Amino acid sequence: MKPRLLTTVTTWLALVLPVVYLSRPCQALPTVNFTANYANSTSIASYNLEPEIPYEELEEPRVLPLKAVLPVEASTVDSSGVIDASKSEHHELPLADAAIQPHPDSNSVLKVILEQPESNDEPVTSTHGYPTFSADDNFVPSKPLNLSVLEVTSTTIKITWREPEKLNGAIHGYRVYYVHQNQTLLHLPILKAEAAVNSVYTYTLSNLKPYTDYKIIVAAFTKKFDGEPSEVSQRTDIAGPSAPKVVNLTCHSQDALFFGWRIPQTYYNTIDYYIISYRNVVYADFREIRITANASIVETSMIIPNLTTNSLYEVKVRAASTSVINPKQIILGSYSEPKKINVQLNCEKIPPPSQRQSYNDYNLAVMIGILICCFGLLFIVLTILLWKKCFHAAYYYLDDPPACGNSGGGNSAGIVDWEAPCEVAGEMRSSIPVCEFAKHVAALHVDGDIGFSKEYEAIQGEALNDEYPSEHSQHPDNKAKNRYLNVIAYDHSRVHLRQVPGQKKHLDYINANFIDGYQKPRAFIGTQGPLPCTFDCFWRMIWEQRVAIIVMITNLVERGRRKCDMYWPKDGTEMYGVIAVKLIREEVMATYTVRTFQIKHTKLKKKKASQTEKLVYQYHYTNWPDHGTPDHPLPVINFVKKSTAANPADAGPIVVHCSAGVGRTGTYIVIDAMLKQIEAKNQLNVFGFLRYIRAQRNYLVQTEEQYIFIHDALVEAIDSGETNIKMDAIGGVVNHIEFIDSQYKLITSYQPKEINLTSALKPVNAIKNRSSLVPLEGSRVHLTPKPGVEGSDYINATWLHGYRRLRDFIVTQHPLIDTFKDFWQMVWDHNAQTVVLLSSADNMSFLQFWPNESEPIESDYYRIRLVSETSENDYIVRNFVIQSIQDDYELSVRMFENPMWPDMAQPRSIFDFAVRVHERCAEYRNGPIVIVDRYGGFQACQFCCISSLAMQLEYDQTANVYTYAKLFHNKRPGIWSSYEDIRQIYRILSYMPKELGLLKCTELRTEFDEAAIMTATPDLSPLTRPAHIMSQHYNRFLKLLERWPVDQSKIGRDLGQYLRDQLKAVLGGTNIIAVKDERLVRQHQSLENIVNDVHLKAHPRSLNSTATGLSGEQCREVLSSEFLEYLNKEGGFEKLGLRGGRWMSTEAVRHVPVMAAEAIKFLKPQDSELFIDMTFGAGGHTKQILKAAPNAKIITLDRDPVAHELAQEMAKRYPGQIYPVLGRFSELPAKLKELNVNQRSIDGMIFDFGCSSMQFDEGERGFSISKNGPLDMRMDKDRCPDAPSAADVLARIDEMDLARILKVYGEEKFAKRIARAIVEARHSIKKIETTKELAELVQTCCASEFRLDKLQRPSHPATKTFQALRIFVNNELNEINYGMILAQHYLKIGGKMITITFHSLEDTIVKRHVMGNVANDMANKLPLKYCSHTICHDQTVMDAALKPNWHQMTKHVVVPSDAEVEENPRSRSAKLRAVVRVE
């Protein structure tokens, strides 16, 4: 709003002031000078009287009443003020009448008349003249009234308003402003205030942007001033989409065209329709087809039917969108370029015109080819001559630094100004000051992170539009070098390996790109996780590019999938091509591992021997989930800082890789660049930098979740600042109270929500808590639950990480009397052999929870016995043995009681105690350290902090108190009560001796398994535990399995009983020898988990629970090493009904017709009657009909060519009775016409829906889960080879549609999760092309490796996904719908129809037809764009056909008997309906 200005106008008035005194004659008054200031339109702010004679010469009283006159307005207004001129020369005079409004741009006269009070005479007025009075912008017009919008289009907005209520002068016109996106202020030329009806004005804003928000401002103005503004906001309407791009127009058949197009490049809001216009060029008019559209689908296609053969057709398409102003209005877009094509017979066999060349064109191409070959040969000869002249025959190259200009075809050395503001997707983007970044991120987080979604979509959109060449990645010689098909290396920025004499040109390829850092071109090399075939290329790149730091952000195997191969030696030295790599040292930390390699070039010549070897450091981050983000950004920030700081100034780029080299790799690079930009310029631009580096390698920062994590990490980095404190500076920090207090506030800023404390706040668990210090759900320690006992898995204990391991400590409260056994259960379950007690027993609230030497503690599974107790200088050491009651397994536990820690006599004793504890733990290295204080709070967490930070100080002479304190608080809020707690940690660390030895006694060595390497810091207990202990665990498992409760209500269906019987039969009395072969670890499913999951409903427990008293981890160790090894060797899996460690599928069973007896009972076939077996399959039902009526005639229909062949064979055995027909339900009318079968002539029809068992038996058909094969699922792929397979559907479908398919057709409760995983795998790994790939991917998305069917039998978790895809690919539900209609038309009155369904949707369609309650969309809720064809019916014909004429033969649906289900498991979900055709 334009501010009101104050302008002072001074008017000198020469006034003749007559003064009349009572009882005295009138005499002339002196002339007085007058000064007036206008404060607003209704008052005079001040005036100044300057009489020509002194005041004291005036006779008493000197009271001068005042009258103000405005002659221009032809009115005189008396003021209510009386002025005493003797008291002051400065007075304030309000004009009481607010109606007086002087015109500031007109001549006004102010006349002041002084008169004698109480005089009856007329005032004497003497005026020397009226001076000119002018005012300032105090007098501005008020707001225009009733500003509103009349009409809106995509580029115009018509507005209207009325003139202001207060004009305050002559209105010269109006100014109209409009604001676009709060950044671009545009104003229109001045509008002349022309006459308008009733003072109503209109104006049309033009040349606006479609679908854009505008704020419109209107203000009146006078000759000198702008008035107060009125505002209104309005969004313009959408404009029509741009022209779609036609990508396919082919002749589909003699009367149909196949037409495909791509979504328009530009559209607003959404695309609602496509309008396809086509015409025979003989005619002028176009015909139109309108179809609904989905803006998320990039390519759309359809078949245009009912065309004239041997005609030329012209086709074009345009998109249309619904108006956002008027939903009833459709905004049409531009037409695509018209395309023409001939429709003719057998056109599908004729190549398109683009492939047919004229004879002259062919000759020209041949001539050009010959010339190219000649030049090529000449070039090769010259190249060979030059090579022989300039190079030695031996293989070598010099160790020169890579040129910055062109050592690999990389991006330009110049720095692109990505920091400059730019407009993307209609919005301005620029660098954000550090002080405003937190507010900026908070704004992006609102409304479900909608701001992040928009920014990331803008980046993704640009990436899709940028088509950078990647020819080398697509070369046949190089495709095998790409881990993922769609993650390639752009040619312009890829890293070139130096040529080896004699090698092919394309052997210089590696899937790696140069990526710029902040103000440093080619600061990084982003690459994929090396494959075995690229190990040598990878190490050549390390050597040639002078790399000193490798950053690895992936584990070798994640979620059962190999993400990277181990490209370095496990021990010693290995050769990778010409590079020898030796592992020198390995330091394992909780979240990352640092490895030191010595690499040597074995073929290098012309260099000193000392320069043939280099040291390379690998920083391997091991706690970053695939496609996800870490739980907290602090460890990542520290990792980025340490790894980048380790790179020497004269070294080459830092090589960063994850699995694909795009998602986590890009996240790392962006965080580093932004940290450097903050340091250099105190600002940052995440959007601009990521947008810039995406032109150097595709898919950098692969998910929106990673993009959000970058912002959150940078907010944390800005808030916390530098948190690593050097050893010699720690003492100074102790006295820096403000610094510690600010850290404390940040450390304790996180406040958990109630959902994070679900278990701790349950009433059954609340009594187990001493205080408000309770564990969060994500970090609490779980106990082995007791069947049927709620809360039996809870204990007030929290996992905390240490310097070496993620689960190094368990912090817990002093046990209550009711939780003594829970405490020892925790020690037993998690194999914790070291306990630190920092509280003392007082025989009141804090009781002794350990046994005396004469009184052991017993539970249902174990006995705790005190072995010894000794006192040392500052603490007491107790040794316990926990003995299993079922077997002879023992667990030794040592307890250190030190209630005075850290208030000990000598500072050195604080650290000596920590060393002593960790030395004890190092003896076993197979479990956590349990730390106990009164409430599981400050004292226990202080011990964890001190011991972890002492190791850090030994390793790199820095301590990060802030990180440990904050992460501990986030896992157990409330442990720090004041900044003094943090200060005390700094104080203790300042006493730390330089040589402590704590780091050495906790040293870990990464153990890698040859088959499945899960993490760089695994639990090493299986490798250190004696073999006889493993056997004891196994024996315990067998014994306790026998005690598993048996469900007597379902004889023969109880899995527990089944397993027990089979175990006895298979194992007998065999003694199993412990096996140490690591290759078997975690390759097979735990039998224990199967038992638990099967009985989950009857005996509720968590999925991680066990029935044996063993922990889930111990069961996996036992079963994966000893038991499964034995079963593999002895064929035990087959004897157990298991295959390869997993449950056998029930698919592979002999073909038995389902409910054949019931079907024949209702069908009642008679000789000479005509039947149709609508789903012949293997002919089971047909055989039963012929058995009941030997002379009956049967038409056998099946879409499967294999089934059709079986029908033909049967027809040879029954000549004149079997009539095989190959086709779908929808094709039956034409087939029956060929057989001269008319409507109302069939005596009975039988439907057995679903997939036949022989289709499951053949893996190459693509239906089977247990047998690997191509993911096909087409029942009639030989007849319709162009129809999309299941693999085609998964390669093209979007996530939303896929989730809907799985949800509706498969009734899959994990539909969204599975759909997301399939789409992510398609983009980041490869397209899913085999049944095994799909089955394994679905399995990773489910909570268990099997599910229970309706008979409580284990089935594969991918069963429902396969079912949904099969139904969709084969358009089964639509076919069922057609089948029901055909039955109504072809059955005689009295004819019978038998339907057998296996899916709820199948039965629903049948039921609705039978009941006469058909919903037209029942079978077609999903888009049919992936189906092989679309069949359209006239609506009136459909309505007539769907009239019900059925009588049900049974009141309820018929289900199979228990005996049949046992004999034929496929029948378990079958439902039979029998109906009769009536009038």
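The backbone N, Cα and C atoms fix where each Cβ goes, glycine too.
For the residues N248, N796, Swiss-Prot attaches the annotation N-linked glycosylation site to N248, which does not rule out the feature elsewhere. When N40, N756, N852 are looked up in Swiss-Prot, the one carrying the note N-linked glycosylation site is N40; the rest have no such note there, which does not rule it out for them.
Residues N182, N769 are shown; Swiss-Prot lists N-linked glycosylation site for one of them, N182. Per Swiss-Prot, the N-linked glycosylation site annotation among the candidates N306, N843 falls on N306.
Summarised as a single figure, the pLDDT of the domain 'Tyrosine-protein phosphatase 1' (452-717) averages 88.
Cα spacing between N294 (N-linked glycosylation site) and N248 (N-linked glycosylation site): 19 Å, rounded to the nearest whole number.
Around N146 (N-linked glycosylation site), the same-chain residues at least 6 positions away in sequence with a Cβ under 8 Å from its Cβ are T160, W161, R162. Counting in whole angstrom, N306 (N-linked glycosylation site) lies 19 from N248 (N-linked glycosylation site) by their C-alpha atoms.
N248 (N-linked glycosylation site) sits 38 Å from C658 (active site, phosphocysteine intermediate), taking the Cα positions as reference. When other Cβ atoms within 10 Å of the Cβ of N294 (N-linked glycosylation site) are tallied across all protein chains shown, the result is 16. Ranked by Cβ neighbours within 10 A across all protein chains shown, the glycosylation sites N248, N306 are led by N248. Assigned with DSSP, the residues of the domain 'Fibronectin type-III 1' (143-242) fall into helix, strand and coil as follows: 3 helix, 53 strand, 44 coil. C658 (active site, phosphocysteine intermediate): 27 other CB atoms within 10 A of its CB, across all protein chains.
In the three-state DSSP scheme, N306 (N-linked glycosylation site) falls into the coil class.
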